[in-house]
Structures are given as structure tokens and as C-alpha cells.
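Per TrEMBL, these features apply:
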DOMAIN    8-164  domain 'Arginosuccinate synthase-like N-terminal'
BINDING   11, 12, 13, 14, 15, 16, 17, 18, 19, 118  ATP binding site
BINDING   88, 124, 128, 174, 183, 257, 269  L-citrulline binding site
BINDING   120, 124, 125  L-aspartate binding site
DOMAIN    173-391  domain 'Arginosuccinate synthase C-terminal'
Ligand code: ARG
């Protein structure tokens, strides 16, 4: 199990799992040195402060890599794919490959022999990290999984070893926060029947008594670029909308999630900006894409979301799906106004120069359609519409009634026999 003396890079958050891992990587795996790598994908400041304090108390050298912009760009790319897995906009899933790559770079630069994470053997993150790390020559170590640890054991071990972990309620839930979403798992929430207390939410407020608000999102080639006419970089755009929409209580999800290993888990998420942006983007696609493009794209989007959930954003299939997504999204340029109200949002206005829309054709007030087509031309279509279904149902009735087959069948036309 041990590689002997050397250095191991650990994905470090300063939480219980990774704190315990620092000690175990030395005690159980025989590493001389552990370096902690914390990757900034938009966690709140106190998480970095805690990680720094814990690293110091443990005597671990800590590296902090800023990947906020890279991550925010990926989130906006996910908007083009209307990315959603069973109702979850994929915050944790999208962040993992970004984090894994950043840690691997540090590990390689620092000449490490091993690379480790504090994930359990039950979740998705172990798979997302290792999909990237196993492309390197480093020893991949997962102490929590390999040693079969539980949170209870970890707490006990931390106490015995005098490790700096927060006691009491601080570690009650397992929380993962980044720019795109905040996930809350564990404790009493593990019971799908348990109604969560409002205290679990930090980004979304109770919207009662708040006046509705309109927000205009501008898209270029499918990606949001401005809020209410103000052009913003990807990080600022997401941060601003998290605040604005969070104040209306938008973007809470309480769901059962099917993990990659087949386990069902109860998940709670907050994702205000994601909800507004995904709602607006889908509304603009509704204006500019053809019906068949929309139908086909829904399948492409679902596949893209699946690969993103798996953490396989570099898979050849993901790239091929993106070619379709990018191609169709060249026309997803324009603006959408979204109404934020009472914990929900919905599009109330959309505009684009690429709108596949003719007001005169659709209007109740105009006789002409377009290109010389008149209303009367629909008569032939109306005669044919449903023809096959009517025929199938008639035949079924006849067969049930024991009547001989109608014309086209091998037997004589029943009409002529009557
Ligand atoms: N279940 C989600 C996923 O696999 C999020 C997990 C977040 N982790 C946490 N400790 N809250 O993508």
C-alpha cells in the first residue's frame, strides 16, 4: 500500500475528511510530506480561511490555485447545453475536473510521488477525480475509501490525534459550495422523508413579502454576457445573479439523485444564478431554433449533461456533442427578460435578430401567411392530419367486431360485401 518516503499532494479543504487524510497519509501510507492543494472555484472566503488555519495547525504546506474564471467559463458553457441532471444544474460535477486538473498540475510541478483525495467509496467525486489523475504516473490514494472510514471514526480519530477539526454542529452536514451551486448532504437530510429546516439554505431567502423583479439577460452565441445591459465577466455575472435571484428564493432543489454507482441519495441544492440563466437560455432557443433542432437538441443536451455528471468533459463524445451545441447556438444571440417572483422565475419577453418567427404569419389579425400560402391551403393538410390513426382505429374496431378487412387487406373490401 505504501510507496515509501516521498511527497503526496492532497485535495485539501480543511474539512474533517481531508484533515484526517493528512495524518493517515503519513501514518498509514508512509509519506514523508503532504502538501495540501485547495482550488478556488468560488467557495466562500471563510472556507479558505479555515483551510489555511487547519493547514497551518497541521504543519502542511498549502497551495491555493485560483480556477474561478476557468470554472465560471465552464458553467456558462453548460448553459448552452441547458445542462441539468435529474433537476440538478451540475455544480459539483462541473467543478471536479477543474479541481482535479489544478491539483495534478501542482503535484507534477512539485515532483510529488502520490496524489490523494478524501472522497468516500460511495460517491461520484472519487470517479471524477481519478478519471483525470489516472492519466498520470502518480500513485492515486483514497484513504477514506481504502481504509473504509466513517465520519464517526474520523471524528474519534481526530480527537485522539488532537487534529484541528471543528466540533459540534459545524460539521453536521457535508456541504460543497462553488460559484454554480451549494449542495447540502448528510445528517437528518439522509432520510428522504425528513423535511429540511430552512436553516440549511444560505444563498436563497424566504421570498415572502418581496416584490417581483425583472432581469434582462443578454446572450451572444448561446452564452450570457450581460445583466440588465451591463456587460460582465463570467465570474461577476454568476455572482451577481446568485445574489439577485437568491433574494427571491429562486433555485432550491430537493431531490432524489441517482449516483453513478447506482446508489440513490437525497440531495438539497441552491443555485439561483443557474436557474435564471438556464431558464433564459432555453427561452431564447425557443425563439431562434427550429422545432426539429429543439427536439434533437434536447437529446444532445441530456447526453452532454450525463457526461458532465460523470466528470468526463474531455470525452470524445462530449466534444462531438459540443460541436452540435455550438453550431446551433451561433443563433442564440439576443435578450430575454425573466420575472423573478416568489421563489420562481419565468421568461416574460425574448428578442433576437435570428427569431424564426413571422408575426404576420402567426397573427390572428392577418389573413396572409407567408410566401403566397393562404389559410385555405391548410385544408388539405387538415384532411390528411390523423389519417393513419383514424384508419388504424377503424381497422382495429372492425377486426374486434369480426368484420372482414377493409380495402388493402387480402380479403374483399367489407364495404362492397355489405
Ligand atoms: N451529488 C452531487 C454530485 O455528485 C453533489 C455532491 C456534493 N457533495 C457534498 N459533499 N455535498 O454531483
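Every residue gets a Cβ built from N, Cα and C, even glycine.
Features per TrEMBL, on structure.
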| residue | record | Cβ contacts under 8 Å, 6 or more apart |
| --- | --- | --- |
| 11 | ATP binding site | 18, 37, 39, 99, 100, 103, 116, 117, 118, 129 |
| 13 | ATP binding site | 38, 47, 51, 118 |
| 88 | L-citrulline binding site | 181, 253, 255, 257, 267, 269 |
| 120 | L-aspartate binding site | 17, 126, 144, 145, 149 |
| 124 | L-citrulline binding site | 92, 93, 259, 260, 261, 309, 310, 311 |
| 125 | L-aspartate binding site | 92, 96, 117, 119 |
| 128 | L-citrulline binding site | 93, 96, 97, 100, 310, 311 |
| 174 | L-citrulline binding site | 184, 185, 186 |
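For ligand 1, the binding-site residues lying close by, meaning a CB under 6 A from one of its atoms, are 124, 174, 183; the full candidate list was 15, 120, 124, 128, 174, 183. The Cβ centroid of 120, 124, 125 marks the L-aspartate site; residues of that chain outside this set whose Cβ lies within 8 Å of it are 119, 122, 123, 126, 127, 128, 259, given in sequence order. Within 8 Å of the centroid defined by the CB atoms of 11, 12, 13, 14, 15, 16, 17, 18, 19, 118, the record's ATP site, lie the Cβ atoms of 10, 20, 21, 51, 54, excluding the listed residues themselves. Recorded residues residue 15 (ATP binding site) and residue 183 (L-citrulline binding site) have their alpha carbons 15 Å apart, per Cα-Cα distance.
Distance noted between the C-alpha atoms of residue 183 (L-citrulline binding site) and residue 19 (ATP binding site) is 20 Å.
Listed binding-site residues: 19, 183; maximum Cβ neighbour count within 10 Å falls on 19. Sorted by the number of other CB atoms within 10 A, the binding-site residues 257, 269 start with 257, the lowest. Pairwise Cα distances among 11, 12, 13, 14, 15, 16, 17, 18, 19, 118, which the record gives as the binders of ATP, peak at 12 Å. Here the Cβ of residue 17 (ATP binding site) has 21 other Cβ atoms within 10 Å, regardless of which shown protein chain they belong to.
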